[in-house]
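The following features are taken from Swiss-Prot:
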DOMAIN    4-174  domain 'N-acetyltransferase'
BINDING   E27, L96, M97, V98, G104, R105, G106, L107, G108, R109, D130, T131, Y141  acetyl-CoA binding site
Amino acid sequence: MNHAQLRRVTAESFAHYRHGLAQLLFETVHGGASVGFMADLDMQQAYAWCDGLKADIAAGSLLLWVVAEDDNVLASAQLSLCQKPNGLNRAEVQKLMVLPSARGRGLGRQLMDEVEQVAVKHKRGLLHLDTEAGSVAEAFYSALAYTRVGELPGYCATPDGRLHPTAIYFKTLGQPT
């Protein structure tokens, strides 16, 4: 068995990780995580979501990483680089997902460390994200020194259909040069 390796997914390597990303989304949603999909998510929908990422990756507006072990995707994270002329200093952290069976191994922290380092290289000194209020993810982001701004009530539905608030976080990495 190989050790888990962090890899950047490019337009060229996308096909190699497509199935693993779809499986990760499927298992994450069916594990109860609120990442934009409902409990009736099937693999066809998961593949469609994956396929929608490729154009943004090719355009350079979305950066995507996976942690893979023996070519199995265990975790992933995305960084959406704001393309607005007045927002070139910021980016949104999206879809940090870790397989339920791979949690507790530090993969989320490994991904977030990489996301932050690359954000600085892209001169994105302000990162923001949202996560389900009251979820275990809140403690995770707080431990990484993200600042909680507040909540939006009834912002999204959990996979089982209940409306739930989302918590908004940010982190300042430094001033772009």
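From the backbone N, Cα and C atoms, a Cβ is placed for every residue, glycine too.
Features per Swiss-Prot, on structure.
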residue	record	Cβ contacts under 8 Å, 6 or more apart
E27	acetyl-CoA binding site	L99, P100
M97	acetyl-CoA binding site	L24, L25, T28, A33, V35, A75, S76, A77
G104	acetyl-CoA binding site	none
G106	acetyl-CoA binding site	none
G108	acetyl-CoA binding site	A75, A77, L96, V98, F140
D130	acetyl-CoA binding site	L152, Y155, T166, A167, I168, Y169
Y141	acetyl-CoA binding site	L129, T131, R148, Y169
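Secondary structure from DSSP puts D130 (acetyl-CoA binding site) in a beta strand. Taking every pair among E27, L96, M97, V98, G104, R105, G106, L107, G108, R109, D130, T131, Y141, the residues recorded as binding acetyl-CoA, the greatest CA to CA distance is 23 Å. Under the DSSP three-state reduction, M97 (acetyl-CoA binding site) is assigned to strand. If you average pLDDT over the domain 'N-acetyltransferase' (4-174) in this model, you get 94.
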